[in-house]
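In what follows, a structure is listed as C-alpha cells, so that the remarks can point back to it.
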Amino acid sequence: MMNRRILLSLWTIIFIMTGFEIQPAEANHHRLISRPHYQIEAQYDPHLDQVRAHMVVTLPKNQFKKQKEVYFHLFPNAFRQWRFDQVSKPTKPGFIDISKVSVNRQSVKPVVRETIMKVPLPKTVSNENQSKIDLDFMLQLPRGGTRLNTFKNTAFLAQWYPMLAVKDREGWHIDPYTTTGDPFYSIMSDFDITIHTPRGYEVISTAQDQNQQTGNSFHLKQNNVRDFAAVITRDYRVLRKNVDGIEVNLWYLDGMEDVITSLHQAALNGMHFYNQRFGKYPYREVDVVLGETGFGIAGMEYPGLVTSVPKIPTREGEKAAINVVVHELAHQWWYGVVGNNQVKEPWLDEGLTTFSEFLYMQEKMNEHDKSFLDRVTVRTNEIHRTVGLTSAEPLYRYPDSVYGLMVYVRPAAMLYDLMKQVGTEKMMKILSSYYKTYQYRVATTGDFIKLAKQVTGKNLDPFFQKWLYFKSQ
Ligand SMILES: [Zn+2]
C-alpha cells in the first residue's frame, strides 16, 4: 500500500524533521503443493450495495488432518463498528454475515468474533484427507470504506470474502484488523469465481478479465495467487497494451484523461523494468485501476490488480501519480509472488517495494534525492532514540505518524546503502535470487538476510543489525 502520509512525506520531509488459469511455466514443482481452492458464486446488487454469495473452500490436502477447527478472516466486519480514526470512518457501515456453514456436508456452527470466524471441524472429518467448507455469505459494502468501498457506480471488492487464515509453524495467524499498514497475510490459493451483475456492468479482477463474460455473468479463474480482488463497475474505461507478453490495462474515469497516457506508459515501463531486474511476472495480465479507494490510501496492491490515485500533490500543484503506480506494481513481485507476513514483518514487502519504486523513479524519471534518504536516516535514528521502535516490528507497534518512515523509507535507504557497498549488479542478483528462491512462498527477514549474505559472500549481519534494528557493534 501507499498511504497519503508517505506520499506527502516525500515532499515535506524537511518540514516534518520535527498486496483463465495461469500456471507459471517455470513452476512445475509447485504443482505438488496443494493449495486452498475457493469457489464462489456471487450476485451483486448495486441498489442495496450488497453481494450475496455461496462459497466452497477446499482445504489443502492433509494439512488440516487432526485439526479441531479452521479460522477465517472476515475483514468486512471491521466496517461494522468503526474503532479507528473518525476521519476514516465509513459514511455507511459494511459487514459480512455468514450462514449455512457445513464441513463435508455436515452442518456446523461457526463462532464469529468481529473479523475472525472459527469453523469447528467435526471429529469424523478431521481424520479425512480433505475437507470442504460450504457457506453462504451476505456482504454489505460500506460507503466511504477503506479499500472495500463503493463509489458512484463502482464497487471495490477487497478482502471481501471469508479468507482462510494462515496456519504455520507459529500456529494460526488470526490478528485483528487495523488501519496502519496492510493487516493481511494469506498464502497462495486457487480461485474459481462467478459474479452475476445487472446489465451494463463490467468486472475488473485478479483474473484475466477478457473473454470471460457470458451475458451478465463473469467467470473468473485464477490459480496461484494470495488473494482475489474485483472491481465491479459501470463507469470505467480502459487503455490496453502488451509488454513482455503481459496485458497491462489502465482503467480510468471521466476527468482523468490528462494523466492516463503517462500513467499507462509508466505501468508498461514499470512492468518491463521489474521483469528485467527481478525476474518475470508470471501472470498474463495486470490491471491498474485509477481512483480513490478510501481515506488516506493513495494506492493498494492485490494480485494482478492495483489501485492508484490519478494525481499526487507537489509543491507547485499536482502531477501524474507515476510513483504510486510503479510502487503498487512492484508489489506484484514483493507481496504478490514472494509473500511475507505483512502483519509481523511489514518492512519486508514495503521496504523492497519502496526501493524498487525509487530505483524506477531514479533510472526512468531521473528523480532521485539522495539527501532525502539521508534526512530519513537521521530522522528514523531520532525516532528510535525517542520511542525505541526499530524498522522490523509488527505493524501494530507503529503509530501511523512514523509507520511510513520506519517501514518504507528507512529500509529503502538501507537497500541503497547495500547497493553502494556491493554494486548494482550484485544488488540486482540479491533481488532476483530472492524472487526466484521464494516465489509463491512466504519469506522472512531472516531469509532475506541469509540470501543477501550468500549472494555477496559478505558478513552482512552488522549491516542489517544497524539498519533494521538500530544496533551498532
Ligand atoms: Zn506498498
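Counting starts with 1 at the first residue shown.
Each residue, glycine too, has its Cβ placed from N, Cα and C.
These features come from TrEMBL:
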- GLU328: active site, proton acceptor (ACT_SITE)
- TYR408: active site, proton donor (ACT_SITE)
- HIS327, HIS331, GLU350: Zn(2+) binding site (BINDING)
- 270-467: domain 'Peptidase M1 membrane alanine aminopeptidase' (DOMAIN)
- Cα-Cα separation of GLU328 (active site, proton acceptor) and GLU350 (Zn(2+) binding site), in Å? 10
- Message: Near ligand 1, which of the recorded positions show up if the criterion is a Cβ under 6 Å from one of its atoms? Options: GLU328, GLU350, TYR408.
- Response: GLU350
- If one measures from the C-alpha of GLU350 (Zn(2+) binding site) to the C-alpha of the residue listed as 'active site, proton donor', what distance in angstrom results, rounded to a whole number? 5
- Densest Cβ environment (other Cβ within 10 Å) across the binding-site residues HIS327, HIS331 belongs to HIS327
- Message: To the nearest Å, how far is the Cα of HIS327 (Zn(2+) binding site) from the Cα of the residue listed as 'active site, proton donor'?
- Response: 11
- TYR408 (active site, proton donor) and HIS331 (Zn(2+) binding site), Cα-Cα, nearest whole angstrom: 12
